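Some notes on the structure that comes next.
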């Protein structure tokens with residue numbers, strides 16, 4: 001398997017690895033995938049006032065492309081509102097990282113992780129989210 | 001100086017020993033005769049070299065040279081043994097018995113025999129990779145004609161109880177085939193005492209060249225085979241085709257060196273393997289796959305829990321090793337051998353097979369050990385599974401979102 005330069009860069013130097021305290025204000029978590037399938041992604045977002053994602057962290061069990069996809073989305077969601085973050089599509093991730101067809105599922109999982117994290121945020125802040 | 005990548009994949013293939021290569025070269029250039037040419041010195045020289053090599057192969061396994069048939073390698077030997085014996089003894093019965101952890105050259109040949117109307121039982125192994133003799137006996141039937149069990153497993157290095165299986169087969173008049181491709185030069189093989197009827201050998205797993213192997217065919221009691229390759233009647237009709245003199249010379253020399261050096265070599269390799277195991281055993285949640293006692297010293301197959309296999313291989317690209325999963329496809333396929341041990345998919349995915357050999361050094365082992373420490377720690381730092389385990393979560397109770 002040969003990897004693109006960008007995948008290798010994210011794999012060697014993953015951005016924003018780690019976890020926030022679960023009780024921290026504005027933190028929401030999305031966990032997707034399953035160990036038996038070979039990929040589990042945990043994406044956490046820290047949402048500030050006005051629904052803007054101030055910080056993001058990830059941990060991923062998976063191949064190099066899965067690690068790179070989740071590392072990339074932590075960079076991309078920062079500074080976006082939760083609604084803007086939902087606009088990130090797996091095709092953009094796959095294109096940015098030049099993922100081969102057999103690794104497209106990694107980008108889909110990264111998109112799902114964003115959706116799961118945002119859903120968790122909305123569930124926790126149901127009373128604050130307006131329209 | 002340490003040269004990277006470090007070769008720790010000796011069960012895939014071995015380099016040709018320089019002493020072997022040196023002995024082969026004259027048979028390509030000056031001594032090029034056809035060993036079947038009976039009318040001149042070119043042929044006589046080649047024939048003498050082939051017979052000398054045949055004697056060396058036979059001597060390593062304590063057999064008669066007349067019992068050795070040259071083939072292109074262990075895959076062909078397995079095909080000739082299984083198809084040849086199954087077809088020849090079809091009148092006795094059409095049932096074969098083999099094991100789920102055999103090499104594909106045996107399993108796929110058995111599949112082909114099933115297509116030809118034979119019936120095959122594929123036996124499970126115990127969780128240490130060894131065949132349960134009681135289960136084996138129970139699988140034999142009055143119409144069982146051929147049994148095939150490997151001596152040393154290619155993935156986990158375990159040594160099957162061949163002597164005991166041979167006794168059981170002989171008592172029932174069943175032809176017993178053993179794939180010994182991974183065994184020569186690693187374990188003592190004594191065909192004068194082991195009741196094995198057919199045994200497959202390969203040169204390139206024992207520091208000989210690729211493309212040459214042999215099949216042992218017992219003479220007393222005589223075992224018959226239906227030939228699979230027809231032509232000039234070479235090798236007493238068992239396998240036609242002009243003999244590859246230089247390859248045969250190489251295999252003979254490789255097996256001669258194995259006989260002379262295996263005692264000391266195996267001790268040295270065992271010391272290195274134990275050093276590697278010791279170096280890795282202070283990493284948490286590592287599991288050795290396969291029995292550690294009934295095993296060749298060359299093999300260490302380890303699963304690193306909570307680390308994904310493909311990212312692990314990326315992390316250890318300075319090591320030429322094999323992984324437990326075929327991870328070039330989208331759907332990861334864990335090794336069928338590790339699955340047969342009952343390893344859950346996650347552990348099968350995150351396994352590495354280290355196989356050591358003649359040219360492995362202490363410096364290489366220490367480098368590999370350090371590298372794995374660093375990389376496993378890094379990947380676990382990245383792993384949400386590891387984090388959950390550290391927090392005391394039992395992963396088997398987690399409801400995973402399927403995808």
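Here the Cβ of each residue, glycine as well, is placed from N, Cα and C on the backbone.
Please treat TrEMBL annotations as automatic predictions, because they have not gone through curation.
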Same-site residue for pyridoxal 5'-phosphate (record: TrEMBL; known: B:74, B:75, B:182, B:202, B:203, B:204, B:242; options: B:128, B:154, B:289): B:154
Distance [Cα-Cα, Å, rounded] between residue B:75 (pyridoxal 5'-phosphate binding site) and residue B:205 (N6-(pyridoxal phosphate)lysine): 13
Cβ neighbours within the same chain of residue B:202 (pyridoxal 5'-phosphate binding site) - under 8 Å, at least six residues apart: B:73, B:74, B:77, B:181, B:184, B:213
Chain-internal residues near residue B:204 (pyridoxal 5'-phosphate binding site), provided their CB is under 8 angstroms and they sit 6+ positions away: B:13, B:14, B:16, B:73, B:210, B:211, B:212
Length of the line joining the Cα atoms of residue B:154 (pyridoxal 5'-phosphate binding site) and residue B:205 (N6-(pyridoxal phosphate)lysine), in Å: 10
Same-chain residues at least 6 apart in sequence whose Cβ lies under 8 Å from residue B:203 (pyridoxal 5'-phosphate binding site): B:73, B:209, B:210, B:211, B:212, B:213, B:247, B:250, B:251, B:254, B:255
